[in-house]
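Asks: Could you have a look at this structure, given as C-alpha cells, before my questions?
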C-alpha cells in the first residue's frame, strides 16, 4: 500500500539522528527500472531551499533513479555550504547505488535557516542504502514525517500497472512552512512527456487546491518516478485520471491530519465565468483569517465570505451572491437567507458553497480553520 | 483635540440603543461652513456596505455638510431595506439641519449581515442633532467605538488653520472585518481638487499601509470636511503634509489599540527597485500567518520572512537578501547572520527591516502579531 507496491522499486527508512526525538529521519526510494522516466513539480517560491535548487537540475532531463529525503532539517537559507550538503548527499546515494549523482533527487523538511548535519545525513544514507528492500515503502513513509501524526500512503491499481505514493505535511500545522513532500511511483511504462503532463494535471487539481494557511513553502516537492516494470503502457488520459485519484487521496490525508485544526473545510465555488475566477474566489475565502476563525467558532459567518469574495476581480454581482454552509443557503442575493441557526458546524467536515451566478465553471479549494492550536504550534515551534 | 477643534464644526454623540451595552452609538459631525468642500476614500471591497454605497453618491460632487456615524451595526449585506435605512438616516439628518440628504455622508460599523434598527437609529439622530455643539467632538469620537479600548483623536496646527480628526477600529481585533472609520476636519479654505488629492496622498501613506489581518473591510471610510472658517488657504503641499501627519497619528493609535495583540510590527522594506516592489514585499510579510505567530512567540524567525518575500514578483536576488529584527542583521545574503539570540522581542515594538538590494526605493507597512486573543475574539464575536 505504498511506494514499493508498484514493481521495480525498493525503499528504506532509518533514524540518523537528525531529529532530536531519535525517530526515523532519512528515507531512500530507488527506481530499479527498466525505465528511469520521472517528473516533478516544485514550490514556486522564489526563495527556494537548497534541495529544491539541486533537484530542479536533476529533473532537467526528466529522469531520476532515486530520491533521498530527510526530515529534521529543511536545509533552506543555509547558503553555499548547505547546497554542498545537498550535493554531497546525492553523490553518496549515487556512489552507494552505482549511478550518477545527477539522477538523485533530494528532498528535505524541518526547520529553515539552520545548518543540516552533513555527517549524520551521510551516515543515514549509508544505512538506508544497506537496508533497501521491496518492502521498505512503509519505513520510508515514516521517516519523512515531521508533525504528522501518521504516515500518508496510497495505492491505486490500473489495468496491468500500479501507482503507489507517500506524502508528508500536516496541513496548516506542519512546521517550517508546511512543507509538503510527495513521492509517487508507478510501474507503468510511460514516456517523459506523458509523465510530466499527467503529474502537472494531477497536482493542479489536488495539491495546488489545498491551501491550509496561505503560506508557500520553500521545500515543496512532488516527484513521480516510473519504472516501466509492468511492461504496460496505459492510455495517457486513463493514467492521468488514476494519478489524479492517488494525489487526491494523499491531499485529503494531509488535510485531515492538520493537528489542532478542528474543521476540514471544502470551499465549492460554482457558476463562475471561468475556472480561474472560481479558483481566485476560493483561495480568497481560504485565506481569510476572519472566515477561518469563524468556522473554528462554529459560526456560519457568510458576511465574512462575501467580504472575501469582494476582494477579487472575478466576474459577479454582489447583490446576486448566494452562500451555503453544509447545504443550507443562509445568504441569498447578498442578503440573509435561511436562518443561520439551522446550520450545524459541530462536525469536522464543513462545506461552503458560493454561487457566483456568472457562468458555468466551478472549482473546489480545501482548507482548515484557524485555531488556538495553530497559533500555539506556530509561535512555539522554533523557540 | 478633536474634530470640533477646527472652526466651523459642531458634533455630538449619543446612546441610541443600537449597542446592547447601552454605550453611545450614534455620532453626528456638522460642517457649518462657509465652505462645504469634502473628500472621501472608501473601501475597495466590491461587496460594499449600504452606507458606503450611499456615501459614494453623496461624494460625487465633492461636497458634504454633515456625516452621521453609528456603531452597533454595519448595515452591510442587508439588501434594499438596509439601503433604505441608510437613505432614511441621511434624510432625517438633512431635515433636522435644513439642507439636502445628498450632502449627508453615512458611516456604520458593527456586525454585518444583520438588520440595523431604523427606529433606534432615527431616535439617536434626533437626539444627536439636538445636542450638537462646538465641544461635541469627544462625545462623537466615543460613540463610534466598537472593540476600541479608547477613542482616537488628533489635532495638528497649521499656519492660520487647524486639522482635527477622530477614528475607530481596533486594528486586527476590530469586529466585523476591522472596519475603520475616520473623520478629519479642517478650517482651511481649500478647493475640492486640492482636498481630494491631499486626502488620497495622506491615506496612501498611512491608513493604506496598516495591514492588520489582511482582511478588507466592507465599510471603511475616510472623510475629510473643510469648513474654510479660518479664511486661510494653505499651500497645497504644506496642507498635504500636515494632513498626512494627522492621519499617521490616527493610524498609529489604531495599531496600538489592537486588543489582544502583543506586538506592533513595523516592516521596513529598503533598497527596492520601486516603491511598489517595497509595498508588495511589505504586505506579503504582513500577511504571513507564520511570521505573525512567530513574532507572538518572540521568535525572530527570518526564514519565514524570506519565504514570504519569495512569494512576490519584486526585483531581488534570493541570495542577496538581508533581514534585521530591531536593527540586528540576523540574516545576511540569504543565510544566517548575527546570532538570533541577540534579538530581544520582549517589548511591544518590533521593527523588521528587509534589504532587497535592488534599488533605492523604500516603504513601511505596519501590522500586529497573530495571537490567541485574535483567534478568541474573532471566533467568538458573533456567536
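Cβ coordinates come from backbone N, Cα and C, glycine included.
Note: TrEMBL annotation is automatic and uncurated.
As listed in TrEMBL for this protein:
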BINDING   A:146, A:168, A:179, A:259, A:378, A:383  substrate binding site
ACT_SITE  A:179  active site, nucleophile
Asks: So how many other Cβ atoms are close to residue A:168 (substrate binding site), meaning within 10 Å of its Cβ?
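Replies: Within a 10 Å radius of the Cβ of residue A:168 (substrate binding site) lie 28 other Cβ atoms.
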Asks: When neighbour density is defined as the number of other C-beta atoms within 10 angstroms of a residue's C-beta, which of the binding-site residues A:146, A:179, A:378 has the lowest density?
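Replies: Fewest other Cβ atoms within 10 Å, among the binding-site residues A:146, A:179, A:378, is found for A:146.
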Asks: Would you list the binding-site residues among A:146, A:179, A:378 that come within less than 8 Å, Cβ to Cβ, of chain B, in the order they occur in the sequence, writing 'none' if nothing qualifies?
Replies: A:378
